[in-house]
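Have a look at the structure below before the remarks.
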Amino acid sequence: MRAGVLVFPGSNGDRDLAVAFRAAGFDVKMVWHKDSSLPDNLDIVGIPGGFSYGDYLRCGAIAAQSPICRAVADHAGRGGYVLGVCNGFQVLTETGLLPGALLRNSGLKYVCRTVGLQVATAASAFTENYSAGDTVEIPIAHHDGNYFADDDTLARLHGEDRVAFTYLDNPNGSVQDIAGILSENRRVLGMMPHPERAADPVLGGTDGKAMFHALAGTFATA
Amino acid sequence: MLKTGVLDPQGEAVRHALGAMGFDGVNGVRQGKVIELDLDDSVSEEDVTRMCEQLLANTVIESYSVEMG
């Protein structure tokens, strides 16, 4: 099993994401943003949290135009898996791989704390080790996590069971409490909370671990 | 500019601050962004529109207008 984790100038969750993938049994390659192709035979690409390109213009906007993101779009287009966390979620919406956008938090403050999430669907390789309705504790750390999508997009997301996680106590104004969404083929997940920061007891929680193990299970049997 | 219907919490904070300073009658504040481009003569308004669509604006949430001067 091979995972690639992108590294942009300003990424700060890249090594955490790599540790969580490795702990679940993945061989992890770090992939520099200037590379124009991904390493061969990757099962999944992780787009980490942080402040790619200093959040200039809009969070994730410059990263979305980087050479490696074209390769990630091709990978996703071929049915490849992608996990975007926090800034990675912002990058995925800016590339158009996921619908909607992440706006400034409604309270205008950077919010950094562990929050309760509800698993909205277990029907994905990311969430199949949870049950729909489960409550998990996962940290958030963002200034621009206020998910927005128009009514048609929201209706489609719900109709296709593509909302992956919702906040129990909305910390940022996200429409319909949405914390994470899946692509149409359910192989791209973007979420603001950080499962990799809740994947080892030493970090204060392990509720995120099930995601990395679920992915490992998918690729081990593939 | 953020599109109509997209909540602008920063604009709302500015509106509150103006009210607190005693400026009455400000019913709404929408905050946007100005991006100045220094262009060669060969660059057309159409080119700039493409730049807006592909990078400078996120049309999911923002509207934009181009002024050539």
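Positions of Cβ are set from backbone N, Cα and C atoms, glycine also.
Note that TrEMBL annotation is computational and uncurated.
Taken straight from TrEMBL:
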type	residues	note
ACT_SITE	A:Cys86	active site, nucleophile
ACT_SITE	A:His194	active site
ACT_SITE	A:Glu196	active site
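Residue pair A:Glu196 (active site) / the residue listed as 'active site, nucleophile' shows a Cα separation of 11 Å. There are 25 other CB atoms within 10 A of the CB of A:His194 (active site), with all protein chains counted. With a 10 A radius on its CB, A:Glu196 (active site) counts 31 other CB atoms from all the protein chains. Distance between Cα atoms for A:His194 (active site) and A:Cys86 (active site, nucleophile): 7 Å, as a whole number. Within 10 Å of the C-beta of A:Cys86 (active site, nucleophile) there are 31 other C-beta atoms, taking all protein chains into account.
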